[in-house]
Amino acid sequence: MSKPFQAIRGMNDILPSESALWQGLEATVREVLAAYDYHEIRLPIVERTELFARSIGEVTDIVEKEMYTFADRNDESLSLRPEGTAGCVRACIEHGLLHHQTQRLWYAGPMFRYEKPQKGRYRQFHQVGVEAYGMAGPDIDAELICLTARLWRRLGIREVTLQLNSLGSSAARAAYRERLVAYFETRRTELDEDSQRRLHTNPLRILDTRNPAMRGVVAEAPVLLDHLDTESQIHFAELRALLDSAGITYEINPRLVRGLDYYCKTVFEWVTDTLGAQGTICAGGRYDGLIEQLSGPAVPGIGFAMGLERLVAMLVAAGYSGADPNPHAYLIMVGDAAQRQGLVLAEQLREQLPLRLRMNCGGGGFKAQFRRADYSGARFALILGEDEIKAGTVAIKPLRETQGEQVTLSQDQVAAHLRMALNSTPSVLERDARG
Ligand code: HAM
């Protein structure tokens, strides 16, 4: 026999035992986004390769070596999206969403990067991304950061730090880039192979090298924050004042440059020590020139994306089990007539209550079905046997302790009984219905 198939390396299944936690996380994210009046945009997973090259940057790791790129049937080069900002900007330009109006948008879904898989770093991973267009001032920067801080509070995530930096205008960055290249030239022999390669293509990225041997060279490099243009300096100071008044603490990290080329002015990352090497749970910044660069109107943009796998890992570490909720009731049916009536009864009950009702399928005698009911973790077994069918009743047997005695009721009383019984064990139905 041939070996069973396995998932592609770095691409994970999310199993039923985990999906409840994902759904809870996604629901909370959606609630927080709604509280700030952000609206969902759904974007394709595949875009033209050139869109990513022109926005993320030709000489970034993502575009140079991490994209899943393929030729379409007409030989056009397409790529699986490695991130969502480029597609979001493309869609907004294409549909005229940026003319004379501001936009507050979010999207969610899988992204693809051919990275070396490790804990917290996958080849297919999931992001929720948020983008805001048409607002140039630091107020929107502050709003986005407040939104993320609120989300962490709502999720009970505490061990995260906000790192903040400003990359300045593109002119200031170009001048700084020259200064940086000149500096690194004087220390060329100390640069590792990767940094030597980047020296003339993307020298800013040398600053966020993970190579400990380069710590000294990087520490002594000129600091971009000291060379900001006046407008960016004012923007940054105002943002800091807004965050201070909102009670949001942050660290200024002058080495934070981000791995995508489109950023200017504000950049930020939320990082944690609790996840090992892949500790950035959320990252983003301003990209005022990108929309125009992609042939759209001259409209500023800012956004961020968070990695859901990393957030789920934090929730698990904080003790959320993510256990799949058990059914409220399990319907046992013995005999053909019971089978037919049971199907109808189950449909009626689902109509009447926000009930998670599992119907026995696959036959079996009373004992076998009862064992399945118990194993399912249900609170009640609803029993339809020959006697019940004759009498037009249902037996309701509590399967867990403290759920009272077994009762036999007429079929039209079952919903009311279950509603009372489930709500008396603190509001199980209402809580479960909310998810
Ligand atoms: P990014 O920093 O490349 O930014 O990714 C954002 C977040 O996605 C990271 O902080 C991390 O949590 C998660 N992430 C990235 N790569 C992986 C991976 N291989 N495995 C698991 N999680 C990962 C962007 O993507 C920008 N588009 C963010 C943005 C939106 N900036 C402005 N608007």
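Note that Cβ sites are derived from N, Cα and C of the backbone, with glycine treated the same way.
What TrEMBL annotates here:
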- 1-325: domain 'Aminoacyl-transfer RNA synthetases class-II family profile' (DOMAIN)
- Glu83, Gly84, Thr85, Arg113, Gln127, Glu131, Arg258, Tyr262, Tyr263: L-histidine binding site (BINDING)
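A map of TrEMBL features onto the structure.
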| residue | record | Cβ contacts under 8 Å, 6 or more apart |
| --- | --- | --- |
| Glu83 | L-histidine binding site | Ile56, Ile62, Met111, Gln127, Gly129, Leu260, Ala305 |
| Thr85 | L-histidine binding site | Ser55, Gly129, Glu131, Leu260, Tyr262, Tyr287, Leu290, Gly301, Gly303, Ala305 |
| Arg258 | L-histidine binding site | Leu167, Val267, Glu269, Ala283, Gly285 |
| Tyr263 | L-histidine binding site | Leu167, Gly285, Arg286, Tyr287 |
Inquiry  = For a quick check of understanding: given the listed L-histidine-binding residues Glu83, Gly84, Thr85, Arg113, Gln127, Glu131, Arg258, Tyr262, Tyr263, what is the maximum Cα-Cα distance in angstrom, as an integer?
reply    = 21
Inquiry  = I'd like to verify something. Among the binding-site residues Glu83, Gln127, Tyr263, which ones have a C-beta closer than 6 angstroms to some atom of ligand 1?
reply    = Glu83, Gln127
Cβ atoms near Gln127 (L-histidine binding site) (within 10 Å, other residues, all chains) = 20
Query = According to DSSP, does Thr85 (L-histidine binding site) fall in a helix, a strand, or coil?
reply = helix
Message = Return the average pLDDT for the domain 'Aminoacyl-transfer RNA synthetases class-II family profile' (1-325) as a whole number.
response = 94
Ask   = How would DSSP class Gln127 (L-histidine binding site) in three states?
value = strand
